[in-house]
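Below: one structure, written as structure tokens.
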Amino acid sequence: MLPSQALLPAVVFALTALQALASDTFLAAVYEHAVILPDPTGQPVSPSDALALMNKNMDVLEGAVKEAARQGAHIIVTPEDGIYGWRFTRESLYPYLEDIPDPVVNWIPCTDPSRFGPAPVQERLSCMARNNSIYVVANIGDKKPCDSSDPSCPGDGRYQYNTDVVFDTQGKLVARYHKYNLFEGESRQFNFPKEPEAVTFETPFGKFGIFTCFDILFYEPAVVLVNKMQVDTVLFLTAWMNVLPFLTAVQFHSAWAMGMRVNVLAANTHNTSMEMTGSGIYAPAGARAYSYNMKTEDGHLLIAKLDAHPHLSPATPPAVNWNSYALSVGRFSQNDHEFTGIIFEDPFTFTELTKPGGILTVCQKDLCCHLTYNMAEKRDDEVYVLGAFDGLHVVEGQYYLQICSLLKCPSTNLSTCGQPVETAQTKFEMFSLSGTFGTSYVFPEVLYSGVQLAPGEFKVLRDGRLKSKHGTSKPLITATLFGRLYEKDPPHPLRISPKVSP
């Protein structure tokens, strides 16, 4: 190689760093990947067959990396399970795993691939980053041998971890994160790490943290990264199955970015048969770019500009006292027509919006939800309700919620209220929603018909009111304040979490 060629990656990195520092912004990319899945067999395949499948997926991911770099992106995030899929037993997963070292070893797999044994996946990801001068973020599997000297060692003599890795523009491994909150069924393939990992790394365009999918619903490591480690941007790799009315990917992930006042780069897998779609580049003030596509099986690349240090940006909304307004007012009206409805197995207390406009209150336990609203038109064929839930959610994980929600019912039959609905006809001239939350962790959601976000069309006041700015430009599915009381959560399966302040 000629000396000038050898210096080229370093020169490109220096120019990229200077550009990012000069503007105090950066270009972020996420890729929603339609994963090529393995055959659903419980029998392990050969290492060469496992690598062949992973290379098929990495062929697609490399195309996205090259295109993102061509458009000037500084970092690209790819999804959870994006390299080998999810049809595995613990045994059949093993051929897909590699030994991923701690980043302190200062390793560039692209130039020294065999330093820690066979690592063809890490080598290829490292070379993607190095050859395109871009940070590459991916999800793979880590394996760590153990023996009888470790009382927690699994019977097969190894730990298997769902793992995120980050390679910098030189191809160096700069971050490794083992998923702490495994989703239902994952523990049959992967082990829980013994302790939660708060993984961060510095770049010329801000401080980054990283976690995976189900982690976003819990205190550790998600909240720790933002509140204690003070990251600017969260890298979020996920295989998220959408659940209406509150937990579609674009809806909740954008709300989390707003509630935590941090950038979030969310890359989802794409599989419509499993309701998996929805990726985005989110700032504290709203979505900069997002995609939700249940019509085709195509992958999708998103690129958008973000502030490198959002807490210093004038565009970032101020901190919120989530119960200030709601505690200052009395119950707006006595409801004679409250009823119970079920959302994702949680029993909500509902009251119907029977008039074109008005002021309503509904309460459950310690939570009272207040709503002021005006519909553009009160339709006879659509019903909206105000709902409250204050309790422990116990389906597909256990976590304590406080939720206030204005939402559309699927039909005029009140027994359907709370069931999923994707379309609506009713627009609102205004709404203002608040609640007597017992937590400072509240995530504001507004979702329009067709599962569309509403960036720039609502605001959260310092006193905790979620308000429309100038009415809704599209029919409304839900406006929701999704609160988490982490201190009321049951202990983690392998650890009793410390108490946290609300």
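For all residues, glycine too, the Cβ spot is worked out from N, Cα and C.
Taken from TrEMBL as is:
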- 1-22: signal peptide (SIGNAL)
- 31-308: domain 'CN hydrolase' (DOMAIN)
- K179: active site, proton donor (ACT_SITE)
- C213: active site, nucleophile (ACT_SITE)
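The CA atom of the residue listed as 'active site, nucleophile' is located 9 Å away from the CA atom of K179 (active site, proton donor). The residue listed as 'active site, nucleophile': 26 other CB atoms within 10 A of its CB, across all protein chains. Cβ neighbour count for the residue listed as 'active site, proton donor': 25 (other Cβ atoms within 10 Å of its Cβ, all protein chains included). Across the domain 'CN hydrolase' (31-308), the model assigns an average pLDDT of 97.
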